[in-house]
Structures are given as C-alpha cells and as structure tokens.
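A quick write-up on the structure given underneath.
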Amino acid sequence: MAVIESVYARQILDSRGNPTVEVVLDTDDGAQGLGLVPSGASTGEAEAWERRDGDKSVYQGKGVLNAVKAVNEEIAPKVIGMDASDQRALDETMIELDGTPNKGRLGANAILGVSLAALYASAESADQPLYRYIGGTNGHILPVPNMNIMNGGAHADFATDIQEYMISPYGFNTYSEALQAGVEVYHTLKNVLKKQGLNTGLGDEGGFAPKMKSNKDSLNYIMDAISAAGYEPGKQIGISLDVASSEFYNKETGKYHFEGDDREAGYMLDFYENLINEYPIVSIEDPFQEEGWDDWAAITAKLGDRLQFVGDDLLVTNPARLAKGIKLGAANSLLVKLNQIGTVTETLDAIELATKNGFTSMVSHRSGETPDTTISDLAVAKNTGQIKTGAPARGERIAKYNRLLEIEEELGSTAQYAGYSAFKACKKYIAE
C-alpha cells in the first residue's frame with residue numbers, strides 16, 4: 001500500500017506551445033509520480049471535457065489555471081490518504097467528485113493528471129517498470145509503429161483533406177528493425193518531396209505538410225519513398241490513414257466537403273474501396289463522421305474483412321460508445337487515447353472490452369504532446385500490437401519510440417514483435 005501524501009498541479013506547455021497540466025503525486029514510502037496531460041487538435045464531440053480558462057488575454061484563452069486549481073483545491077484534499085495503487089477506487093472517487101457524465105466540472109485534464117501521477121507513483125513504489133506494473137509478466141508484445149509521415153487536415157492547415165498518412169512497417173522480425181525501416185522511409189520521403197519542389201515543413205506531429213493537388217498525390221509519394229528506401233510496399237510496409245472526416249463534415253447539409261466538392265456518404269465509401277484496391281492500405285481511421293453509425297456499420301460489413309476501421313471520434317475511448325459500436329458492427333478497431341476518457345481505469349476497461357469482442361486496439365498520442373511515454377508502456381502492457389505516435393521527428397514523438405526500444409531491450413528474448421498479426425483483418429498481402 002502506497003498512501004498518497006501530497007498532490008500538486010502546475011501549468012506547463014505542450015509540444016504546440018499551448019498550456020497543459022502537470023501533476024506531481026508523492027506517497028508515504030517516498031515514491032513520486034508525474035502526470036503530464038496531452039491535448040488534441042481534432043477532437044471528438046463525445047470526448048471528456050478539456051478544461052480551458054477562456055481568458056483571451058492569457059495564452060489566447062487556452063490557459064489551464066482553473067484545471068490546476070481544481071487539482072490543488074478540490075481533488076487533492078479528497079485523495080490524500082488514499083492508496084495510490086488502488087487505481088480504480090482513486091479514479092472512481094474523482095469521477096464521483098466531478099459528478100458529470102463527461103468530467104465537465106473539474107475537467108478531464110485535471111482528473112487525468114492525477115490518475116497518471118498515481119499510476120507512476122504506484123509503479124515506482126512496486127519497483128517495477130510501468131509496462132510490468134500494468135500488464136504483469138504477460139506484457140511482451142512490441143507494437144507496430146504507425147508513423148504519421150505526411151500531415152494534412154487540422155494538423156497542417158488542411159494541406160490535404162486526409163489528416164494523417166502513416167506507414168505501418170509490419171514485415172520485420174523485431175521492433176527495432178521496423179523502426180529503422182520507418183525512419184529510413186521518412187528521410188527518403190523528404191528527398192522525394194524536395195525533388196518535386198515541394199515544401200518539407202513539418203506539421204504538428206512531425207510529418208511533412210506540403211500542399212497537394214489531391215489526396216492520392218500523397219499516397220503516390222509515400223509509395224515512391226518506400227520503394228526508394230529499399231522496401232516492398234505491402235509485403236513489408238503498409239499504409240494507414242486517419243481521414244478525420246468529422247473535420248470536413250457539414251452537419252447542416254449532411255455531406256462531406258472533400259476534394260473540392262460536397263460528397264454523400266456513398267461516394268466516400270466508394271472512394272475508400274477504390275483506394276484500398278489501388279494501394280496497400282491496412283487501416284483507415286474515422287472514414288465517416290462521429291455520429292454516422294449506419295455508415296460505419298456499412299463500411300465495416302462491406303470491407304472489414306480486408307482491413308481495420310479504427311474508431312477515434314466515433315468511440316472516443318469510451319466503453320459505452322464502444323459497446324454501441326460492437327452491437328451495431330460499426331468499426332472493428334479502437335483508437336486508445338487516455339485524455340479522451342480522462343482516467344487510467346476507464347482506458348484499461350475500453351481496451352479489455354475491445355479485445356474481448358475481437359476489436360484490435362491502437363494506442364495513440366495526441367497532436368499536442370509532452371515528453372511523457374505512458375502510451376509506449378501501455379501498448380506493451382496490454383499487448384495491443386499497434387501504436388501511433390507521429391513521425392520519427394520532434395522530441396515528444398521520438399521519446400515514445402525510444403521508450404519502446406528500451407522496453408524491447410529489457411524484455412530480451414521474451415520480446416515479440418507484433419508484425420503483420422497486429423492487423424487481424426488483413427490477409428491479402430501476407431498471402432501473396
């Protein structure tokens with residue numbers, strides 16, 4: 001038992017220079033945990049509430065001093081004296097204290113900071129690395145890194161409609177080999193773009209963000225880069241997309257403003273089908289808007305045996321929305337973001353529910369990140385087999401990739417790379 005002795009929050013900056021919450025939690029046995037809270041750019045409407053101050057004269061309204069105050073003045077007195085290692089009891093206490101369905105009083109950024117800090121303090125108290133503390137001895141699978149090497153959408157001033165173009169290096173024996181391949185493709189892509197006279201400035205997540213004439217142009221350049229780097233598209237490296245379609249969906253018209261025109265859901269489904277016939281795409285995230293349950297069910301039924309459809313804005317790491325998706329057959333993969341739901345406990349519950357019902361899980365960063373590496377340990381602890389944490393650039397992204405290298409080394413001969421098996425719905429490339 002590690003009794004919480006003190007909890008203190010402060011305002012710090014994330015990778016985009018926006019304020020976020022840091023929580024320091026100390027226990028009676030000398031352990032200390034640090035909780036650093038990420039923040040998204042394209043967010044689902046059903047996500048837990050991120051508390052911002054709204055004072056336009058300070059950080060353009062994005063300050064989090066009220067969330068900090070909530071930790072120091074409301075949450076801290078309530079949790080001091082509790083067992084930090086009883087994560088469920090701690091998280092439920094904060095949820096009850098908040099008293100709203102979406103953490104809309106205290107703020108998910110306040111609650112998550114404490115939840116994460118308690119998790120780290122408990123792991124230190126138990127003298128265990130975080131992945132071992134969460135997953136026990138069963139956590140041993142290193143995830144496929146889905147690397148966002150070209151940015152569009154809300155991450156890059158809408159250089160393209162599609163928000164993320166990722167490479168998924170699954171055709172390798174170890175995580176370190178896969179990471180090397182991904183990095184080499186990333187650097188090769190820079191040269192490919194330069195030769196075309198295109199800008200190689202970076203988006204929020206470290207990917208290149210040139211203006212493109214079409215979404216397919218980005219895919220073609222990535223295919224060229226994979227081959228030029230000496231790898232086989234499909235066989236060794238697949239492509240994953242985050243369409244983030246809620247960002248260009250018009251609620252009033254019920255249409256998607258895509259490639260310069262307003263499109264019906266049926267057009268979008270046909271577009272995706274043609275895309276996966278033309279390119280080695282193994283995963284599509286948010287192909288439809290966050291309340292388009294019927295459209296999600298239709299694409300999953302039609303194409304779900306060929307690739308994974310990942311629910312981000314649709315499911316928001318929320319066990320209740322995930323249960324609805326399972327019931328309707330909408331999506332077959334869960335994107336896991338700790339700050340979407342706001343506690344460690346609810347995040348773990350969502351992963352377990354997904355696994356139990358045959359969904360894959362992809363543990364994810366946010367576009368506004370910190371040096372925190374929780375998601376790396378979480379992916380290994382729960383054997384999710386997939387992680388997405390941006391391009392192999394920018395320190396806050398590299399920290400996650402480096403943490404996985406450390407874990408792989410620590411696990412030694414027991415480490416297993418998820419590889420192609422991570423994408424359960426995809427069969428055609430490995431069979432060829």
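Positions of Cβ are set from backbone N, Cα and C atoms, glycine also.
In Swiss-Prot this protein carries:
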ACT_SITE  E205  active site, proton donor
ACT_SITE  K337  active site, proton acceptor
BINDING   Q163, K337, R366, S367, K388  (2R)-2-phosphoglycerate binding site
BINDING   D242, E285, D312  Mg(2+) binding site
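Taking Cα separation as the measure, Q163 ((2R)-2-phosphoglycerate binding site) is nearest to D242 of the recorded positions E205, D242, K337. Residue environment of Q163 ((2R)-2-phosphoglycerate binding site) contains 30 other Cβ atoms, counted within 10 Å of its Cβ in all protein chains. Cβ atoms within 8 Å of the centroid of the Cβ atoms of D242, E285, D312 (the Mg(2+) site) belong to the same-chain residues Q163, E164, L241, V243, A244, I284, D286, V310, D313, L335, site residues excluded. In the three-state DSSP classification, K388 ((2R)-2-phosphoglycerate binding site) falls within a strand. Reduced to three states, the DSSP call for E285 (Mg(2+) binding site) is strand.
Around K388 ((2R)-2-phosphoglycerate binding site), the same-chain residues six or more apart in sequence whose CB sits under 8 Å from its CB are P145, N146, M147, N148, E164, M166, S240, D242, L335, M362, V363, S364, H365, listed in sequence order. When secondary structure is read from DSSP and collapsed to three states, D312 (Mg(2+) binding site) falls in the coil class. The binding-site residues near K337 (active site, proton acceptor), taking a 10 angstroms Cα-Cα threshold over the set E285, D312, R366, S367, are D312, R366. DSSP classifies E205 (active site, proton donor) as coil under the three-state reduction.
E285 (Mg(2+) binding site) sits 15 Å from S367 ((2R)-2-phosphoglycerate binding site), taking the Cα positions as reference. One residue stands out among the recorded positions E205, D312 for having the most other Cβ atoms within 10 Å of its Cβ: E205. Looking only at the binding-site residues D312, R366, S367, the one with its C-alpha closest to E205 (active site, proton donor) is S367.
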